[in-house]
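Notes to accompany the following structure.
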Amino acid sequence: MTSTESQVYPVIWQKDHVLLIDQNRLPAEYTLVEITNSDDMALAIKTMIVRGAPAIGVAAAYGMYLGAREIKTDNRELFLTQLEKVAEKLRATRPTAVNLFWAIQRMINTARRTLGSVEYLKEVLLETAKSINLEDLQTCRSIGDSGLEVLPKTPEKLTILTHCNAGALATAGYGTALGVVRSAWREGRLARLFADETRPRLQGAKLTAWECVQDQIPITLITDNMAAHCMKQGLIHAVVVGADRIAANGDTANKIGTYSVAICAKAHNIPFFVAAPLSTVDFNLVDGSQIPIEERDSSEVYQIGKTVITPEGVDFYNPAFDVTPAHLITAIITEFGAVSPSELKQFEEKQAV
Ligand code: MRU
């Protein structure tokens, strides 16, 4: 057995502030950014210093505590009103990943349900943010182990393709899709990970590749347009991706390009798995057409790094996510086990907010 316990934790509570790994600087530089107030946390989420659905949920939970700490009143009702303003600010950062909204709501609900002084409420909010952080780490490990149950039984050592970064960096640690990869590696079931580079922001090339190098998981990087060819050549045995929001019918929003990978997998009869915690499922949405899709600045398309790659006079479109329809998904791997998209509903009551 190989040790695969990732030592990468993108959101760390330290005494009285949060440390974030600056994911915009990886892999060139490993830098920790100190976050001491809710404005800076909102900015860090918006500018993707911290990114990935579960990780922004954890970051937002701490952001709620930092915002609560800034409120200067002893009056409970006034406190709750001002806490709602902090929530609005954090909600306005990124629209697609539902974990952000889930974590903020859990913090709001905790504050409303807790009796006692404002000082005591603030203490409870910090403890709740720490719990969200720790639970996500445990959840990812469970997702990893659930994944082992459904990965193809042959060949013994699999080559798995992933898209974007659904790893330790995108969660409290360990990862969802990369959690499955880590568990497979630990159990001797992984030959190698193939990773799409994931234009425009290159999370695959920069972040997934960095994580795998840290943990010595063998990785082959391909550009996004190579996936179909690799599948046709028989190089890929399964696809495992993460998710930003899953509708009640199993339609799944994930990083732009995921949908194309799912279509290619279907065409080549390769199982396509979505690995995500229940906090990523939005049971309020009937299907994926209701998932809000973030559009980001066009500079992400016309530039690579700081280099402009297009002539002037071109228009751009930059949706950050796409929706893979449930019928292309073999199974959704959660902390409670793997189910087909149509069976997801059975978990609704397990989703604590
Ligand atoms: O724009 P990003 O980098 O936040 O998008 C991340 C993804 O799409 C991930 O695949 C998803 O959040 C799952 S993370 C476990």
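The backbone N, Cα and C atoms fix where each Cβ goes, and this holds for glycine too.
Automatic prediction, not curation, is the source of TrEMBL annotations.
Per TrEMBL, these features apply:
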type	residues	note
ACT_SITE	Asp244	active site, proton donor
BINDING	Arg51, Gly52, Ala53, Arg94, Gln203, Asn254, Lys255	substrate binding site
SITE	Cys164	site 'Transition state stabilizer'
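Overlay of TrEMBL feature records on the structure.
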residue	record	contacts (Cβ under 8 Å, 6+ apart)
Arg51	substrate binding site	Gln23, Ile45, Leu169, Ala170, Gln203
Gly52	substrate binding site	Pro10, Ala97, Asn165, Ala166, Gly167, Leu169, Ala170, Thr171, Gly242
Ala53	substrate binding site	Ala97, Val98, Asn99, Leu100, Ala170, Gly242, Ala243, Asp244, Arg245, Ala276, Thr280
Arg94	substrate binding site	Ile45, Lys46, Ile56, Leu100, Glu294
Cys164	site 'Transition state stabilizer'	Asp196, Thr198, Gln203, Gly204, Thr208, Val241, Gly242, Asn254, Lys255, Gly257, Thr258
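Fewest Cβ neighbours within 10 Å among the recorded positions Asp244, Asn254, Lys255: this applies to Lys255. Reduced to three states, the DSSP call for Asp244 (active site, proton donor) is coil. Shown in sequence order, Ile56, Ala97, Cys164, Asn165, Ala166, Ala170, Gly242, Asp244, Ala320, Phe321 are the same-chain residues outside Arg51, Gly52, Ala53, Arg94, Gln203, Asn254, Lys255 whose Cβ sits within 8 Å of the Cβ centre of the substrate site. In this structure, Asp244, Lys255 are the recorded positions from Arg94, Asp244, Lys255 whose C-beta falls under 6 Å of some atom of ligand 1. Secondary structure at Asn254 (substrate binding site), taken from DSSP and collapsed to helix, strand or coil, is strand. In this structure, Ala53 (substrate binding site) is part of a helix by DSSP. Within 10 Å of the Cβ of Gln203 (substrate binding site) there are 27 other Cβ atoms, across all protein chains.
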